[in-house]
Ligand code: NA
Ligand code: NA
């Protein structure tokens with residue numbers, strides 16, 4: 001049997017396991033480990049199991065996750081999140097679906113700068129989901145807004161994905177980072193419009209818009225939340241202005257939240273314990289999935305599926321646009337099962353030269369590819385941000401989260417099509433910059 | 001007989017994982033402070049020596065010591081809509097099979113992290129700045145995963161109990 | 001019929017159950033294997049395109065396709081820091097690893113990472129090779145794997161964003177991002193603040209001013225496009241970084257003598273090529289830096305003196321540490337200095 005076939009069988013078994021109520025993270029572990037063992041030997045698979053588990057869990061860069069989650073938990077348990085949404089209601093409550101749109105915007109900014117879709121989802125979901133529910137929003141819509149918003153940061157600078165693209169293809173990194181800005185903002189607006197359309201078609205999804213709060217009330221709504229905004233500005237702004245790296249910002253942000261809420265008496269001992277307890281558990285849950293996804297990724301790498309798929313498409317002699325669409329399709333398929341960085345590393349050496357040969361712009365393609373990877377973050381069976389949301393609010397069934405995210409994915413596909421038809425939307429800003 | 005075994009095991013495994021969770025929470029606090037001391041130190045005096053490697057160690061402890069308690073609190077993710085439609089007995093049988101598989105898997109992970117610890121010890125691997133032997137964190141991690149394995153064993157026995165009771 | 005030959009891995013080949021069907025052709029020649037070759041740099045990196053790919057091709061040709069290779073770049077099979085261990089355990093069959101990523105595992109080897117021991121890739125590669133051949137204690141450090149070759153690369157320079165560095169004085173209080181613990185020591189000895197950082201964070205850290213500079217080689221400037229975020233380079237060839245290309249022992253032993261011989265026959269060539277590729281990447285990096293308008297300050301021997309003096313204690317500390325662990329630190333250090341000076 002070919003190694004590619006083994007990979008396909010592995011994926012089928014994975015889906016079967018997940019459907020049969022097996023724990024998702026450990027299912028990824030099991031298939032990754034058994035597949036690697038099957039294609040090598042049991043001893044090798046076992047060694048890989050131990051090494052990957054420990055190496056990922058001790059990664060400095062990944063500590064950004066528990067620290068940002070902790071910040072969100074503390075703000076949430078202290079009641080600051082509640083007050084924040086009272087303010088959001090004053091500002092956007094008169095727009096139908098306004099709170100969900102504001103959440104998309106907030107997620108986009110937070111993930112843009114924190115650099116982690118997972119950390120953003122966990123942080124924002126923890127205080128926004130209960131609040132939107134309180135205001136009468138449909139939980140599925142709220143979940144989809146947080147999830148889709150969280151993926152946007154990968155397009156907006158700083159972006160590890162676009163830097164990696166630069167290193168993998170030798171495209172200059174500066175223009176790549178600039179190229180993500182307009183599509184990133186456009187994608188946020190498109191997603192907000194999606195919420196608006198969804199609410200228009202089904203008014204039960206969001207509360208009826210009230211009359212617009214007067215400006216005085218809107219401004220007054222800031223009073224209780226300024227500490228929240230200050231913590232946000234210090235930690236997230238600190239990254240932007242070169243005070244610290246994302247990991248450090250997460251530590252400073254959680255400490256700032258801890259200090260402020262403790263000193264103002266908003267956080268008693270019990271709430272403090274609850275915040276740490278829940279953060280630790282959420283971290284454990286997320287890391288089982290992340291380590292499992294890595295093991296699965298290594299297995300799929302040695303099945304040669306990514307290379308075989310891309311080479312197959314490359315060898316087709318059809319029109320450039322058909323090849324492009326097929327390549328994007330391959331990215332969507334791989335996004336079902338694999339993480340973005342692994343996908344880039346395994347495919348770009350083959351895909352990038354083809355794209356250039358076909359006459360497409362390398363910087364433009366980076367943005368299109370990142371959009372595909374973003375979609376992958378939202379699709380089952382490996383859709384980590386959706387799992388995180390389910391981990392935070394168990395009352396929203398997973399299948400419902402995935403179903404509600406579907407229109408958001410549709411929007412991202414539409415945006416991709418627009419960017420293919422009008423590549424200038426992506427390239428004009430980097431072009432101005434390099435002139 | 002099975003009922004009593006489960007009760008007895010719970011009396012050991014629950015407190016064990018509750019303690020582990022407390023440790024994870026304290027280390028999470030330490031993880032936060034490592035970064036804070038490092039950053040403030042770097043801006044005003046000098047950075048915390050070894051912050052990079054201490055952060056990695058702390059993260060591992062938070063993750064692995066929280067795994068078992070997360071299991072007890074049903075914190076790991078499952079897709080339930082299909083199996084929920086099955087009869088109670090079928091559900092129980094499915095659970096026996098999955099928990100048997102995953103108990104064995106977690107036991108394997110425990111063993112392999114411990115085995116890696118052994119190799120790190122023999123290879124004399126140390127951290128860059130502080131020169132801490134890396135096997136230490138591997139041993140600590142495998143203990144955390146072992147507690148997780150205990151909770152999976154308990155889930156397995158409970159699933160078996162359900163099958164037996166539904167007969 | 002199956003295509004086991006392409007799916008079977010080296011590690012599989014050494015098990016008793018050899019699934020290969022066309023054993024008629026290969027019975028005398030040992031097993032057919034497809035080596036999983038693992039590294040952690042980009043597939044555009046010169047080491048991938050100009051060393052590992054040609055190496056794989058040549059081996060396949062010399063062994064009539066009995067030994068082929070599949071290269072997995074970008075840490076697809078495991079962390080940069082795990083590469084050597086991955087080969088020991090068979091997760092990869094052949095890997096490209098930096099010894100300094102596993103402190104403590106290659107103690108005597110680290111003599112070659114000390115400041116001002118080797119300035120160019122050629123010298124660094126010869127030096128580490130000579131030391132390996134001479135000291136069984138160094139060979140012992142690699143006992144877990146079959147070493148194919150060792151090599152060193154172009155030396156680290158000081159890259160800064162806003163401040164030109166002409167003297168040790170200029171470094172006081174600057175935050176300098178570092179790639180290894182060895183460079184932490186160097187940066188600290190100069191009175192700057194080291195900020196240890198993986199390569200993928202450096203671009204943004206420099207762009208946003210999280211750090212004021214980076215210790216890095218010209219080849220790294222080329223491969224990670226640091227020219228886009230650097231304004232000044234102080235060229236002092238301060239210290240090199242050493243690498244090991246090694247194979248899983250069981251896989252190596254599973255090969256026929258003929259195939260082992262074929263691989264052995266090209267080792268010297270690819271060792272030399274390793275140094276060449278880094279040398280040309282370094283030249284390319286320097287060209288790029290000049291094209292981008294980066295101000296390059298090449299330190300004269302006199303300018304260098306104060307940088308060297310500040311680093312002297314690092315050498316003494318190294319010897320003391322080795323001796324305290326019962327290793328022949330003094331002897332290895334003397335020999336390294338001798339080779340370095342005679343070169
Ligand atoms: Na970003
Ligand atoms: Na997915």
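Counting starts with 1 at the first residue shown.
Any Cβ shown, glycine's included, is placed from N, Cα and C.
Annotated domain 'TRAP C4-dicarboxylate transport system permease DctM subunit' per TrEMBL: A:11-425, in sequence order. The transmembrane segment annotation in TrEMBL covers A:6-39, A:60-80, A:100-129, A:141-167, A:173-200, A:221-243, A:249-269, A:281-303, A:309-333, A:362-389, A:401-422.
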Exercise. Can you give the mean pLDDT for the domain 'TRAP C4-dicarboxylate transport system permease DctM subunit' (A:11-425), rounded to a whole number?
Worked result: 92
Exercise. By Cβ distance under 8 Å, which residues at least 6 away from the ends of the transmembrane segment (A:141-167) in the same chain are close to it?
Worked result: 97, 100-101, 103-118, 120-121, 124-125, 128-129, 132-133, 173, 176-181, 183-185, 187-188, 191, 195, 198-199, 205-206, 239, 246, 340-341, 344-345, 348, 366-367, 369-371, 373-374, 377-378, 385-386, 389, 393, 396, 400-401, 404-405, 407-408, 411-412
For this session: Kindly say whether the transmembrane segment (A:173-200) and the transmembrane segment (A:100-129) touch, using the definition of 3 or more Cβ pairs under 8 Å where each pair is 6 or more positions apart.
Result: yes
Exercise. In the same chain, who gets a Cβ under 8 Å from the transmembrane segment (A:249-269) while lying at least 6 residues past its ends?
Worked result: 63-65, 67-68, 70-71, 74-75, 77-80, 113-114, 119, 227, 230-232, 234-236, 238-239, 243, 275
Problem set entry | Whether the transmembrane segment (A:60-80) meets the transmembrane segment (A:362-389): three or more C-beta pairs under 8 angstroms | no
Exercise. Which stretch from A:6-39, A:100-129, A:281-303, A:362-389, A:401-422 shares the most C-beta pairs under 8 Å with the transmembrane segment (A:221-243)?
Worked result: A:100-129
Seminar exercise, completed: Same-chain residues at least 6 beyond the ends of the transmembrane segment (A:6-39) with a Cβ under 8 Å from one of its Cβ atoms are 45-46, 48-49, 285, 288-289, 291-300, 302-305, 337, 381-382, 387
For this session: Count, for each of A:100-129, A:281-303, A:309-333, A:362-389, the Cβ pairs lying under 8 Å from the transmembrane segment (A:401-422), and report the range with the highest count.
Result: A:362-389
